[in-house]
Structures are given as C-alpha cells and as structure tokens.
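> Please read through the structure below; I'll follow up with questions.
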C-alpha cells in the first residue's frame, strides 16, 4: 500500500515527509494502523549520524501505538482491532538471551540498525524506487506499518494512544533503569542527570522504589520545576551545583544510585558523574553516545579505591512483553504519571518543528498524533 513517512536521505538534513510503499504482511507479521508515535532523542541521533543505520533512506520512529488491521499467516496471538504498542526491542523468547531472562538483549536485536525484515531478510518499504531502512525494524513515523510479531505487544484498549506509545521505549527504559538496573531500594539516595522523557520516567521509578532523596540535574528551568511535581526532592542546573548540593544534603556520602539520561552521552563527562556517586554506589549509563566514540575520561584509581560501579543498560533491562502491560496498568491505577509527560502533540508534517522544540528544551516528550489527513 502507499502511504506517507518521515524519511532522512543523508546526515544533518531535515526530515522529509513523502510517499512510501509498504508491503503486505507475510508469515508472522502484523499490519498496524498507527495512532501515535513518540519523538525520542534517539531518532535525532539518526540525523546527526551518532547512531547510523546501515543505509539511506531511513524511516524514523521507534515509539508507537496503534490498531492491528491485518495479520499474516501463522499469527494467532493478534487479531484485527487489537490495540498494540510497538517495542523497539524485539523479543523472540527462544534465543539464549531470552531464555536467560534478558529479553531486552534478544538476538533479533542484532538487526536493529540493518533495516532488513526479521521474517526473511527482505526490505518491506520503498521510497523513490529505493529500499528504506526502518529505525529498529519499526519506522513508527508513518501512519501504517508491517512488522514482525516479536515487536508487538497487546495492550488495554482503554489506554490513550498518545500515552501508550511512550512505553515502547522512553518510559520503560527510564523506569527500568531505576527499579531494575540501578536496583533502587527504600531509603536510597538517587540522582537523575537529564530530564527528558527517559529521565522523568527514571525519576518516577526512583520515587516508586522508595528513594529517600531524589536529586534531579537539568539545565532547563521549567523541566526542573516539572521534576519537583514528579517527585524530585532537590533540583540543580548542572553537575557542579549538584556536587555541592548533594554533598551538603547527604553529609558527603553522595548518591548510592546515579542514573544518566542526558540527550547524548559524552565520554568526557563520565568522571563527573562518578563524583556524585557514593562509595560502593552504581552509576547507570542509560543515555547513549556516538557509536564511534571510544574515549572516556575516568579516574581509574578512584573507581577502584571507592569500589564504584558503572553499568550500561538498554530498555531498562526489561522484558517488553511483561513491562509494557505492567507499566500501563500502573498508569491506569494512578501510580505512574504519563499524561504530564506528553508536552506537545504534532502532525506528521510538523516533525521538524517537534524536534526543534526538543532541542530547544521545550518538551518532556513530543508525540505525533496521526489523523486521516496523514493517511
């Protein structure tokens, strides 16, 4: 079928909304009418080249929610009319990682940047006569998509789509970074550095886990104000102010758990994050840097002598088929504030405006809300 999609044709160029053609669902595939897509910083990394796909053009978008319209042969766990969320990490449940309980590290994830279908290695989307590389096997910046069932999670149909799409990446990643990867325990002091969608979700995770103090570090003033509404106890504009403030509040003990959720991770900043990490504490690097950045500034002696831990994480260490429904059930129960994380809704044609707003610090999370005009 022919529809629209937001593409990039080369690095550092605006998104181009234009006609694309999507194939019909094959074995184990699901066709979805998209209703909402989250505008995550990781898609901007496609533009800058910090996270390059295997080729161009690229169809962006890896957070999304919609309605199943058609299923391919062999699909018996989804049916037309189902409300679903797209998980940016596929999960087969069968590979060694999935069997070991690390479904966020599923072997199917090896193809996240390759653009080839999990089903048969083909390209299922074309534009201007060329194969299109969809972000993380999805490409939610289009009002329709065909995707392998391993990336699809059924949800409660009463959950608004603009909220549901956030748990496909940002909310699950942030919340899981706190409660699972950092393993925040009651009474822990926690610092969150960077307050976009992932950071605000990590903040809520720390509060939910029973943190004593939650220190939020963010240069944008209105985001610091929002952090207080989400449960932060102290806010600081930068890491130097946080160093002094956290030292004063904790009598020099610092934060047992530090979670880094800045827009782009820079190796030169890692040592500064460890200065606010307590002895024996853990610094979780949730943010991602350039795939070619191999330089890290780190005081190795202090890392050893103070027994500090640096831990990477993807998808918050979670299981998409478990965590996505669980987090949405918490939202329904009033235990997770997702409504206030959606700052602005955009049309697909406004995607460049949305990303400029993100870069200007105006959004916690922008969302593309699809209409009939987009289709």
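Don't overthink the numbers, they just go from 1 along the chain as shown.
Using the three backbone atoms N, Cα and C, a Cβ is placed for every residue, glycine included.
A quick note: this is a predicted structure, and the numbers were derived from the prediction, not measured.
When I checked Swiss-Prot for this same protein, it listed these features:
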{"type": "BINDING", "residues": "40, 62, 169", "note": "Zn(2+) 1 binding site"}
{"type": "BINDING", "residues": "92, 95, 98, 106", "note": "Zn(2+) 2 binding site"}
> So of all those binding-site residues, 92, 98, 106, which one's Cα sits nearest to residue 169 (Zn(2+) 1 binding site)?
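Result for residue 169 (Zn(2+) 1 binding site): the nearest of the binding-site residues is 106.
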> To see if you understand the setup: which same-chain residues, six or more apart in sequence, place their Cβ under 8 Å from that of residue 40 (Zn(2+) 1 binding site)?
62, 63, 169, 170, 197, 365
> Centre the Cβ atoms of 40, 62, 169, go out 8 Å, and tell me which other residues of that chain have a Cβ in range of the Zn(2+) 1 site.
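Other same-chain residues with Cβ inside the cutoff are 38, 42, 43, 61, 63, 88, 135, 136, 140, 168, 170.
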> Among 92, 95, 98, 106, 169, the binding-site residues in question, whose Cβ has the most other Cβ atoms within 10 Å in this structure?
169
> Starting from the Cβ centroid of 92, 95, 98, 106, which together make up the recorded Zn(2+) 2 site, report each further residue of the same chain whose Cβ lies within 8 Å of that point, ordered by sequence.
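Filtered neighbour residues, in order: 90, 91, 93, 94, 96, 97, 99, 103, 107, 108, 150.
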